[in-house]
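Take a look at the structure below.
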Amino acid sequence: MAQKPRTVICVGDIHGYISKLNNLWLNLQSAIDPSDFSSALVIFLGDYCDRGPETRKVIDFLISLPEKHPDQTHVFLAGNHDFAFSGFLGLLPRPSDGSDLKDTWKEYSKSEETEGWYTGEGFEDMHLQGRRWAGKIKATFNSVKGMAYKGSIYDAGSTFESYGVPHGSSDLMKAVPESHKKFLTNMVWVHEEDDVCIETEEGLKHCKLIAVHAGLEKGNNVEEQLKLLRAKDTSISKIQHLSGRKNVWDIPQELDDKHTVVVSGHHGKLHIDGMRLIIDEGGGFPDKPVAAIVLPSKKIIRDTDNLSS
């Protein structure tokens with residue numbers, strides 16, 4: 001008898017909403033066969049912080065999973081928000097090319113004033129995105145998202161507040177517990193699985209899976225991109241695979257006929273197109289759900305589903 005394919009759960013952007021995460025987890029437990037759930041591979045697609053009110057509690061929840069569900073495998077991808085949070089806390093690895101983290105400022109220096117980059121304690125050796133994350137943006141309203149900014153261009157104010165400090169305060173560096181710093185340090189930029197099953201119109205297919213927060217760039221060599229992500233190359237000012245938009249939306253052409261699933265969050269949309277899975281229905285908005293996709297079935301589970309008893 002053929003072995004049953006392993007269940008893979010990919011969870012979209014959480015953005016500080018602990019109640020949504022709790023409800024989603026209960027719904028996943030209700031919707032999935034108990035033995036499949038207990039042995040599942042669970043990939044969190046990044047963006048745990050910012051926008052919502054309870055980043056601290058979200059990270060506490062994620063840290064608790066390996067002990068509560070020891071037979072599951074948990075993967076925590078870095079989103080662009082989590083990367084910037086880590087950059088502010090001084091948790092990013094040094095650039096392997098010998099450059100300094102402050103060298104990442106130059107490319108975007110024209111935006112320093114309007115984005116109000118952080119200039120407090122420790123800024124001199126901080127990655128660009130850490131400075132942007134803790135900065136104080138001049139504009140008060142984000143016209144693209146149709147909502148007010150929460151402190152910075154990243155809406156990081158709510159993350160500071162969840163740790164009991166005001167936005168932009170260097171006190172956050174001491175307020176974040178060591179267990180949270182370890183979690184942020186250990187996040188991966190990409191996760192690869194050689195054999196994941198997915199249901200298609202032609203039946204069940206065995207595929208490679210690549211999970212990365214925003215996606216892979218369409219026109220560039222895939223292996224070179226994966227090398228950069230595996231190595232966590234912090235010499236780059238803006239990492240497209242974590243923060244790009246149109247340029248990382250599609251599957252790279254060289255993967256078109258290679259049975260490779262590319263799964264991401266980030267884009268504020270739920271988009272299922274063949275082997276390209278984008279799971280971010282919530283986008284950090286208070287009134288939108290946090291969603292997950294379950295493989296092989298491609299079933300979508302949301303925190304708003306009335307499944308748990």
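Placed from the backbone N, Cα and C atoms, the Cβ positions cover glycine too.
Here is what Swiss-Prot says about this protein:
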ACT_SITE  His81  active site, proton donor
BINDING   Asp13, His15, Asp47  divalent metal cation 1 binding site
BINDING   His15, Arg51, Arg132, Lys238, Arg245  substrate binding site
BINDING   Asp47, Asn80, His213, His266  divalent metal cation 2 binding site
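Positions of the features from Swiss-Prot, shown on the structure.
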residue	record	Cβ contacts under 8 Å, 6 or more apart
Asp13	divalent metal cation 1 binding site	Leu45, Gly46, Asp47, Gly79, Gly265, His266, Asp280, Gly282, Gly283, Gly284, Val290
His15	divalent metal cation 1 binding site	Asp47, Tyr48, Cys49, Asp50, Arg51, Gly52, His81, Gly282, Gly283, Gly284
Asn80	divalent metal cation 2 binding site	Gly46, Asp47, Gln129, His213, Ala214, Ile239, Leu242, Ser243, His266
Arg132	substrate binding site	Ala84, Glu115, Trp117, Tyr118, Ser152, Ile153, Tyr154
Lys238	substrate binding site	Glu107, Tyr108, Leu128, Gln129
Arg245	substrate binding site	Ala214, His267
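Each of the recorded positions Arg51, His81 was ranked by the number of other C-beta atoms within 10 Å, and first place falls to His81. The record gives Asp13, His15, Asp47 for divalent metal cation 1. Within 8 Å of the mean position of their Cβ atoms, the other Cβ atoms in that chain belong to Gly12, Ile14, Gly16, Gly46, Tyr48, Cys49, Asp50, Arg51, Gly79, His81, Gly265, His266, Asp280, Gly282, Gly283, Gly284. In this structure, His266 (divalent metal cation 2 binding site) belongs to neither helix nor strand by DSSP; it is coil. Of all the binding-site residues given, namely His213, His266, the one with the smallest number of surrounding CB atoms inside 10 A is His266.
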